Amino acid sequence: MDKKGWSLKGSLLPLLLLVSDLLLCQSVASLPICPTGAVNCQVSLRDLFDRAVILSHYIHNLSSEMFNEFDKRYAQGRGFITKAINSCHTSSLSTPEDKEQAQQIHHEDLLNLILRVLRSWNDPLYHLVTEVRGMQEAPDSILSRAIEIEEQNRRLLEGMEKIVGQVHPGVRENEVYSVWSGLPSLQMADEDTRLFAFYNLLHCLRRDSHKIDNYLKLLKCRIVYDSNC
């Protein structure tokens, strides 16, 4: 391909990625939700899984974009990645690392594990939004993504609770989750310590959102399509 062709391709790629993100965002915005307090609102298990998979994929995309932007703006040359390995607050939850491991887990246990991970992010996502608002010169794109992820995480958690209610009606799962204690680090006066705390939190969010996305796709195949997919 000539140089002109490569130039055209390079100029089109960001536009295609933007269109893809906009379409995914529109898909999330148009997902059917039962009105709060609705008594007779029934959504099929298949529709619930469809919605959950779209939401989880959307959250993972936003998490990856937010982490990548933060990394470029604040973490270059600081060696944060070597310190971030195995330092997530959700590491206390035993989560399968790949598809093969996840396939060995009973679907009931995997559903409950997703609930625990999602609940473990309620508090840190709330404080992430609050602290990013207070960051000097923090770009609006990072703040807007943090706000969107917090909202969609709540929606996904509500959807997962409905899924568990249909798969195992009458069974109430204990609200077990991993406690996050990283707020003081996000508020440290030392810039390097504070920036690493943000970096680590976003790194863990990207990791966990990717796991949830994969687990949900596996569960949808197993439960909705009886593993015929």
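Using N, Cα and C of the backbone, Cβ positions are placed for all residues, glycine too.
For C204, the disulfide partner named by Swiss-Prot from the candidate list C88, C221, C229 is C88. In three-state terms derived from DSSP, C88 (disulfide bond) belongs to neither a helical nor a strand segment and is classed as coil.
Separation of the C-alpha atoms of C88 (disulfide bond) and C221 (disulfide bond): 29 Å, rounded to the nearest whole number. Neighbour counts of Cβ atoms within 10 Å were compared across the modified residues S56, S64, S120; the minimum falls on S64.
The distance from the Cα of C221 (disulfide bond) to the Cα of S120 (phosphoserine) comes to 25 Å. The Cβ of C229 (disulfide bond) lies under 8 Å from the Cβ of K220, C221, each on the same chain and at least six residues away in sequence.
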